[in-house]
Every structure is written in C-alpha cells, then in structure tokens.
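What follows is a set of notes on a single structure, which appears directly below.
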Amino acid sequence: MHDAATSMPPQAPSTWADYLAGYRWRGQGEGCSAATVHRLEAARRPTLFVKQEVLSVHAELPAEIARLRWLHGAGIDCPQVLNETQSDGRQWLLMSAVPGDTLSALAQRGELEPERLVRLVAAALRRLHDLDPAACPFDHRLERRLDTVRQRVEAGLVDEADFDDDHRGRSATELYRLLLDRRPAVEDLVVAHGDACLPNLLAEGRRFSGFIDCGRLGVADRHQDLALAARDIEAELGAAWAEAFLVEYGGDIDGERLAYFRLLDEFF
C-alpha cells in the first residue's frame, strides 16, 4: 500500500528544495530493506525516486549508490543516480525512475502472460551474468556473504518470523550453522544482482526495462539469482513455470545450490 502524496518532507536535504519544488512525494510502503522509498511526481517533469536510510554500520544504501553507478556504466538498465547526500543522520539518494512496472505487479494483474514473463527474466539475468566478473569491484562471494550473515545474526538483525515455511520455527543461529555445513565447494561466479526477485525487475510494453534495488549486486554464484527468481516465479505462477524459467535460462543448474541460496536469503 502506498501513502498519500505530500510535499517535500522537512527532513529532506535542503539543497534539493529548488530542484524538487513542485514535486509530490508518495511513500512506497515497506520492503525488506531498512530504507524508506518515495516516488516523486510533477506535471510535465520526469518521475523520480528518493531513498533514505539511517546512517549505521549495517546501512545498505551507500553500497547501492556505488553499485548503481557501476551498473549504469556497464550498460545495464537501472536507475541513474542523480544526487546523493547525507543529512539529518541519514543517507539520501535521488534517482531516476525505471519505466514500466514490476514483473510481480504485471503478473498479478494478468498483464504479462507466464511464457513472456519467464523469457524476460531469463534473458535479463543472462545479460547481467554475461558481464565480466573480473571487471566488477563488488565481492559477494560466499566467504564475504557468510561473514555478513554472522554479523547480522550477532546483531539481532535477522527476522526469524519472516522465515519461509521450510525454516519456520528454527532460530537464526541454527540456520547459520546449516549454511556453514552445506556451503558449496565451488562457486560459479558471475556478476549477480543479489536480490533477483520479481519486484526488482521491471518491464514496459512487454520488454524488460531495468533492474532496481541493486544494493546486493556483486560477484557471486549465478545460483544466487536463479534461486530467488525461480522461487518468486513458482509463487506467482506455479512450479511448472519455475522449471520452464530454469530451462529457458539454460546451462547446468544445481538443485542443491538453488536450495542453498534460498536458505542464504533468509538472513537478509
């Protein structure tokens, strides 16, 4: 659910006041991240988005800003960083809007048939994964990700009430030990989005238009993206379409690694 539109909030950076005069701000509801998101609209002016997050050691917005700049420079469709600043103890990001709507919204409204959706997701991820991982400065391989998981568990940042049904009733500490025990011996490294859920892929006019929420982008096992995309496709369309997506993506896909990266996602 989105909030009612308002004028620029008083805590927003004062340096943005002139540029954003006339825009109406509309909250975009709660997501999994700690960031607050507003959609900005004004007559005859481009739609913009503002993201803000409290500055802390666990803040994700600074990482997203760096990744959006890199990804845009690599030629992948995503929001363009227009300005970023720190104000009132918060990190602020002003960015362009990716045209269209999320694949999850299009699927729920029946505006994108399952076969087309599956092909869009597979093609978008293949293009991203075809980037040279040696050129990507962001390391999200398991050694680093598992250390981040440990820190989040120790800081009490893992929402155990939000675990999938397969893991409901188990503690974050217990699942962390399971992650360590089941860690794959080899990683199939690509440039991965890191949170390739259907709400983070957009389409316009039946064509893929871009990725959003790119704060976890980095060099990682391709199964990181395939696991979350397949999970969402199964939830929206059924298991047969999740399997069709994996076939459309192609290559050797390891079911155990898909399960592993779904388990990893419980901590974020």
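Backbone N, Cα and C define each Cβ position, glycine as well.
These come from TrEMBL:
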{"type": "DOMAIN", "residues": "29-257", "note": "domain 'Aminoglycoside phosphotransferase'"}
{"type": "ACT_SITE", "residues": "D195", "note": "active site, proton acceptor"}
{"type": "BINDING", "residues": "N200, D213", "note": "Mg(2+) binding site"}
* Grab the pLDDT values for the domain 'Aminoglycoside phosphotransferase' (29-257) and give me their mean, rounded. => 96
* To do: Among all chains shown, work out which of the recorded positions D195, D213 has the most CB atoms within 10 A of its CB.
  => D213
* Same chain, 6+ residues apart, C-beta under 8 Å of the C-beta of N200 (Mg(2+) binding site), given in sequence order -> T102, H193, F211, I212, D213
